[in-house]
Amino acid sequence: MKFCDWRFFFLFSAQGVWSRMAMNRRPLVWFALIFVIGSCAAAGLGWHGTLCMAGAVFLLAVAAVLGGGASRGLVIICLIGFGVAAGQRLWADSRNVTELQTLLAIAESDGLRAAYNVRVSGTIISAVEVDGDRAQFRIEAVAVQVEDEEPLVVRSERLMVQLRLAVQPEQEIAAAWQRGDQVRIDGELSLPAMATNSGGFDYRRYLRSQGIHWLLKSKGAAALAVEAGAAEVFSAASLYGRVDTARAWLGARLDYLYPAEQAGYMKGLVLGIREDLDPEQFNQFARLGLTHILAISGLHVGVFMYALTSVLKMLRMSRERILLTLMTAVPFYVLLTGASPSVLRAGLMAMLGLVAARMGKLKDGLHLIAAAAVALLLFNPYFLNDVSFQLSFIVTLGLIIGVPPFRRAMPKWRRGGWILDLAAVTIVAQLISFPVTIYYFNQFNLLSLLANFALVPFISMIVMPAGAAALVLSIVWPWGAKMIANLSIIANDGSFAIIEWLADQSLFRQVWGTPPLWWVVVWLLLMGLAFRKIGSSNARAAMEPVSQEQPKHIESETSLHDEQTIPLQAKENTAYDPAVTGANKGSSLRKHLLILSFIALLLLGYAYVPDAFDRSATVSFLDVGQGDAALIRTASGKHILIDGGGAISFRKPGEEWRDRSDPFEVGSKVLVPLLRDRGVHRIDLLIISHMDSDHIKGLIAVIGEIPVKRIWWNGSLRATDDSTKLMEAALSADIPLYAPVAGERWTLDKDTHLDVLWPNDRKNEVAVIKDQNEVSLVVAVQLYDSRFLFTGDISIPTEGAIVRTTRERMNAAQERVDIMKVAHHGSRHSTSNEWLAYWRPIGAVASVGATNTYGHPHPDAVGRLNKAGVALWRTDTGGEAKFRVNSQGISVLQK
């Protein structure tokens, strides 16, 4: 997933406000809008851009005053809000720097390999997550000592700690560490990784938004010592630590009530604890756009308040006492469920609504969401960069603005009106969240609307309350809690079966490349215009007469825009016919909605295939660590993927405890997100050079998530789990497999041709070969008049054999390629002088990991490339290497 883009919050907030004609009577909403604009400008434009934005806002404010749309006092207050928000964010950015500036300067010059042995003293400020052989948490350091130097005293340096456990009993030791503990820890200090592929996740930027600039990596629980008696009892970290303890205790109660395959789900649903959720189950929810049900938000807060209110009414409490009880309970609920940005937004809106209700001034949700946005950004301006914060506010604002007119446009059922209410909420939420969803997650399921309509009410109104009731009852009446839990277990089994079936319907899964920002602006404006048009039509319908027998010149009691209705009967020469007026109104509405629908279809078409008219090809050598992966987009828009990277596992028997619940896997964490980001709807040809894990492991996830039309491979297998899983995945997906041999040529489109150079002979049966390097599938890809050579992991003897057989077949002393992938990651025993002299490449790419222990690329191979005058791109130092190809030649588009 890419890092959050703050601009969405600004764009949709502005669009939402302008879509309401009555906003000039809402000073709080206007103030919040200008406040958000100020924060967004400072977050993305810097000092100079913020000053330019301030000038633009000032000019618009003057125009509003001169045009009579706003009072002078309101404009002044809004401009102050802009200044406060922008100044706060700029001030926060100026202070969001590491105090270890000397170490930073050295580390930035040395790159990812820079690391320092340090001893750090500080306080644990986050829950300790123990997963397999890793414990991860954050500390706030007060002293950092680099080896034998004097300790550096720092005010507040936050570090992300990743501690690898040595033996299984250390899991219990790490689990005992908690927020608020004063600790001393020895480890290796290094910079977080940046994005090395275009559109990839930028871990360094993500941590910086949380005030963290360094990683501290340690080995063994003995590296950390808790300083006894040093904890501050009443510090914020210690108080949060007690909350963590309470959450863990409640989570253990759910572990007791539910089977292992459901306990993690129920902990996420009831308590917001998502660490124990099964990754495959979460992936199924994600495919259907249902993950919001697992993130504590407004839905959960609303259900909690409804349930508590029902109980209090049964106890015959007065309205005043119910409101006071809810005001007391909501903050505890927010803390108990993790206090994420989405639940903070919902909790704050709930608190403001309760206060307004108690004062008798509760009018509409726009005031509440405006006040909540300002309050949360004042508390932490970096909430603006949080995806859950953005989605929570954008969808909530969309529901407030869009649901009322949309619902009024639907039929008026005497019975079952709640079904239409639910449909309106679901449809509007889907329309509003769609552009943000495809921007961040690059996928959409056509069954999402159905899944949300059918399952969200069932889960939120039945399963979640049942789980909460069972949790509370387990404290005082375990037997009764178990009965309720058993009923919800049956409900979960049913919902899981439905979700699994729906998620497996690959026909309805869609990949959407990341759209440009202007596309999101236009889409949201379009939704605002549609809601406004429907709302205006509803308002006019409400003002029209019911029958012609009513008295003349009677005004409607319902006027949403302070307009008078048309008289029932005008003068004799201007007769008024309600039927004709209604027909004209309906015709006008249909006309406008058709136009808006047509524009929406154009937008969808552009977003789905943005490069439909781009006749250039691209070749991307992706950074997948110590492995190979290359993506080719042809001039006609087809895609070829060559290898898929993957880490080689050296796990010993008896060390299964080290396995993590959701381990890093290059296919699911890097390759699939990159393919989605680039809008790869289908892979037309998947080329597997050979069956080593560092070339194929990532392809298992690719085949599971993205359709593959055909596979080329070297015609052999290797006796490994990764090789077996890959073949099983391909066969279960009914993907045709073909083993080409040297001399074959295949034309993908008129400007794309593939020439197979190795292996040299076809096997009668699929052989199991342990040493796969020398049977790598070697292919030359021609795009227009440019050629790229993909070499797998062959070594110098095989290079010589390819030169001899190709020379004989082509009857040419020399061949020419433009870009060559350096064989075997640039090992010492590849890329011979004879090889380079035969192919005469202009450039070469070495696909290697930044921290590989093999010494790749080897200095001997690099020296031979330099001697031949070949330009070298390395993924370990430069990240992704990307080339654009057209009829004029090749241009370099390095990340």
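Backbone N, Cα and C atoms are what each Cβ position is placed from, and that goes for glycine too.
Remember, TrEMBL labels are computer predictions, not curated facts.
What you see is a predicted model, and the numbers here were worked out from it, not measured in a lab.
According to TrEMBL, the domain 'Metallo-beta-lactamase' annotation covers 626-850. Under the heading transmembrane segment, TrEMBL lists 28-47, 53-86, 293-312, 332-354, 366-383, 389-406, 418-441, 453-477, 484-503, 515-531, 593-609.
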Candidate ranges 53-86, 484-503, 515-531, 593-609 - greatest C-beta contact count to the transmembrane segment (418-441) (under 8 angstroms): 515-531
Overall pLDDT for the domain 'Metallo-beta-lactamase' (626-850), taken as the rounded mean: 93
Contacting positions for the transmembrane segment (366-383) when only residues 6+ beyond its ends and CB under 8 Å are counted: 13, 20, 26, 28-29, 31-33, 35-36, 39, 43, 81, 85, 88-89, 92, 209-211, 341, 344-345, 348-349, 352-353, 356, 389, 393, 396-397, 400-401
Tertiary contacts of the transmembrane segment (53-86) (same chain, 6+ residues out, Cβ under 8 Å): 24, 27, 30-39, 41-42, 45, 374, 377, 381
Region pair the transmembrane segment (293-312) / the transmembrane segment (332-354), three or more CB pairs under 8 Å: yes
Considering the transmembrane segment (593-609), which listed stretch of 28-47, 332-354, 453-477, 484-503, 515-531 counts the most C-beta pairs under 8 Å: 515-531
Same-chain residues near the transmembrane segment (484-503), Cβ under 8 Å, at least 6 residues beyond its ends: 257-259, 262, 265-266, 281, 283-285, 287-288, 290, 445, 447, 450-451, 454-455, 458-459, 462-463, 466-467, 469-470, 473
